[in-house]
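Here is what TrEMBL says about this protein:
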type     : residues : note
DOMAIN   : 108-348  : domain 'UCH catalytic'
SITE     : Gln190   : site 'Transition state stabilizer'
ACT_SITE : Cys196   : active site, nucleophile
ACT_SITE : His287   : active site, proton donor
SITE     : Asp302   : site 'Important for enzyme activity'
Amino acid sequence: MRDAKPEIHVSRACDTPFRFFTQDGHEDFQGALPPFVHVPAKTGVEWVNSSLRKYHHPPSCLADVLVNTNTNTATVSPTDSLPILEKASHYTRPSGAVSMAEDASSGGWSTIESDEGVFTSLIEQLGVKGVQFEELISLEPDSIRALSPVYGVIFLFKWIGSSSDDKGAPQDGSYDPGAVEDEGLFFAAQTIQNACGTQAILSVILNNDASSNPSLSGAVASQARIDIGPALQEFKDFTTGFDAGLRGESLSNSDLIRETHNSFARSSPFADEVQRDPNAGSEDVFHFIGYTCHHGKLYELDGLQPYPISHGECTPEEFPEKIIPVLQRRIERYPLGEVRFNLMAVCQDRRIKAQEFQDYEGLARERRKRAQWDWENALRRHNFVGFTGEVLKGVVAMKVKDGSYDAWVNDAKKATEKRQRERATRGEEGVV
């Protein structure tokens, strides 16, 4: 019997059952490794921070990594720099919440819909209270003002890149690199694909909490401040002082934020080979950005830009009027006929105002809307492939049992032939 091989265990705090062996014995145990783990041909038991980042574990887990070599146990310091396992293909989350259609560039983040019910439920699961999203169907200040108080807007658009001649300036507005350090604006760079929706949401939410507007007081402060909850408050406090890139990395590697985000992805058991093909460049790409007021200025928060973009002086009361021309100028960059835009307001939970004004009809309407959102979110999470298969098998079994299966198939063939003849008469090609 061979001696026990050196192995590395990641503690339960990392919530990942990794188990792999060093070169001394890893070839004998390669079958025991997860399919997405590759052990390089290097000697020694070694761990580096970059490896954990690839697997989306927070740096705090590093201190819990144990190296067990027979009877010898040693704790690996977070500063130890030793060559280690490398990521092969793509990361697979053990909980299964990530869609199989994700590729390596998604980094474990699924695509979610731009939907008011999805975004509202997402922030509520993160612990945010008293906030909801409302879709805006017109670029009118009154549409935004009717939802007052409004903390900001989330804008979805087709990404076409930058066409500005001046690479040191945005196409509209001006970079404000000092806003983050001097005025405490929360701004994070987007470091991973598919995270831009949640990142835009948090850019608005985290810039409208109690610590973001310390100069406000009284009733104005109670409306202008968001209760972001303990989890996001801890995240914001932890990233205070980080630059935009490190904040983006911290956001992308947050298990809580990522898993909450992924819980709203559509369930699918199939891999989308078109999305996974790196050479498929014809597919349109869409992007989310946030707009909000902070310390008397209107900011555009785009994780693909190097700095926050200032669009001039703006108070919360002026926001409905000031944001409209900014959005109109962005839309004007697109060809006529381009209508694939989506705009959502981040506003106070409308049930709060309905209760304050004893608007029982409005309160009932909001409660029905919430129930509809819950139902739609449940449908998004459910995989109906198995159900559909069972229904089809049941239909076929019924047809076979009552002797009408052959007639059913013949009728379908005749209907198909009829449609083909009609197409041929019209000079069309192809089949149904």
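Glycine is treated like the rest: Cβ placed from N, Cα and C.
According to its DSSP assignment, Asp302 (site 'Important for enzyme activity') is coil. There are 22 other Cβ atoms within 10 Å of the Cβ belonging to Gln190 (site 'Transition state stabilizer'). Averaged over the domain 'UCH catalytic' (108-348), the predicted model reaches a pLDDT of 88. Within 10 Å of the C-beta atom of the residue listed as 'active site, nucleophile' sit 22 other C-beta atoms, taking all shown protein chains into account. A helical conformation is recorded for Cys196 (active site, nucleophile) in the three-state DSSP classification. For the recorded positions given as His287, Asp302, the lowest number of other CB atoms within 10 Å of the residue's CB is seen at His287.
Recorded residues the residue listed as 'active site, nucleophile' and the residue listed as 'active site, proton donor' have their alpha carbons 7 Å apart, per Cα-Cα distance.
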